[in-house]
Amino acid sequence: MASFRTWHCLLAFSLLASAVSGQLSSTFYATSCPTLELIVRATVIRALVAERRMGASLVRLFFHDCFVQGCDGSILLDDVGSFVGEKGAGPNVNSVRGFDVIDQIKATVELICPGVVSCADIVALAARDSTFLLGGPNWAVPLGRRDSTTASQSQANNDLPAPTSSLAALISAFGNKGLSARDMTALSGAHTIGFSQCQNFRDHIYNDTDVDAAFATLRRRACPAAPGSGDTNLAPLDAQTQFVFDNAYYRNLLVRRGLLHSDQELFNGGSQDALVRQYSANPALFASDFAAAMIKMGNIGPLTSAGQVRANCRVVNSS
């Protein structure tokens with residue numbers, strides 16, 4: 001019994017030391033929850049088998065979490081009573097998905113390692129596993145985040161870049177989060193998987209000039225010109241390999257087949273043209289830069305001493 005208490009004291013001291021240092025570590029749960037990454041990967045595999053599109057949704061969930069208050073799991077919080085979360089924000093409502101997968105992971109983790117693993121870290125791991133399982137790069141995810149007790153719908157509305165963004169607006173939005181233009185262009189490559197709604201690309205295929213005519217005609221078939229008609233109809237962000245994480249997204253940009261206005265802005269006579277060409281010709285360079293940018297994004301404002309480890313990712317722990 002004494003040795004058991006001693007082990008718990010050492011574990012608590014180790015976790016406290018990591019929190020005080022404010023540093024994330026890929027080995028943060030090595031002792032306190034050694035099976036964590038196996039649980040996450042197994043659950044993500046099941047989710048992808050059930051619906052391959054879910055991989056892109058889990059990557060996007062991480063992005064939408066980190067850009068609002070930092071990578072703190074705030075996007076997972078439901079509106080409860082007077083509490084207003086981020087799910088109802090314009091960029092998220094009826095769009096951001098994957099919450100059920102995070103719930104499944106959390107429920108399993110709580111059975112094995114109760115009160116130890118944050119929802120924010122689960123989101124980060126699920127994004128990495130989704131990328132890797134769809135053919136993209138693998139990387140060691142820095143861990144040790146805690147969960148926020150607050151959310152900001154206004155920040156979600158203001159800080160998440162819109163699909164209509166110009167290149168300057170994209171560079172500014174990412175720069176405000178400490179991410180470079182190169183990081184932005186690499187992270188945009190996540191659009192090599194997944195789908196977008198008609199309302200997000202309608203203006204691009206009907207009104208922009210930097211779009212291939214045949215591509216625009218194809219996309220118009222499922223996206224009527226009139227707003228309010230077919231708004232939620234889906235089209236693949238990468239028509240070639242929407243379920244494979246590769247560099248086809250950049251090759252599409254070279255021939256003006258970016259689905260969103262903001263996609264094609266990366267290759268439209270601006271500062272990122274040369275990098276887009278590099279990524280289109282060198283998949284290894286893209287994979288390396290994407291992994292590095294995901295790690296960098298995961299370091300946006302993590303809570304390492306404040307916050308809590310939520311028992312249920314959708315609600316703040318009761319006091």
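Think of each number as a place in line: the chain as shown, counted from 1.
Just so you know, glycine gets a Cβ as well, placed from its N, Cα and C.
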C113: disulphide-bonded cysteine as recorded in TrEMBL, out of C33, C66, C198: C33
Cysteine paired with C313, where TrEMBL records a disulfide bond, from C119, C198, C223: C119
Cα-to-Cα gap, T192 (Ca(2+) 2 binding site) vs R60 (site 'Transition state stabilizer'), nearest whole Å: 12
Proximal residue to C66 (disulfide bond) among recorded positions R60, C223, C313 (C-alpha distance): R60
H191 (heme b binding site) versus D238 (Ca(2+) 2 binding site) - Cα distance in angstrom: 7
Alpha-carbon spacing, H64 (active site, proton acceptor) to C33 (disulfide bond), which is rounded to whole Å: 26
Candidate recorded positions C33, R60, D72, C119, P161, pick with smallest Cα gap to D246 (Ca(2+) 2 binding site): R60
From D65, E86, H191: binding-site residues whose CA lies within 10 A of C71 (disulfide bond): D65
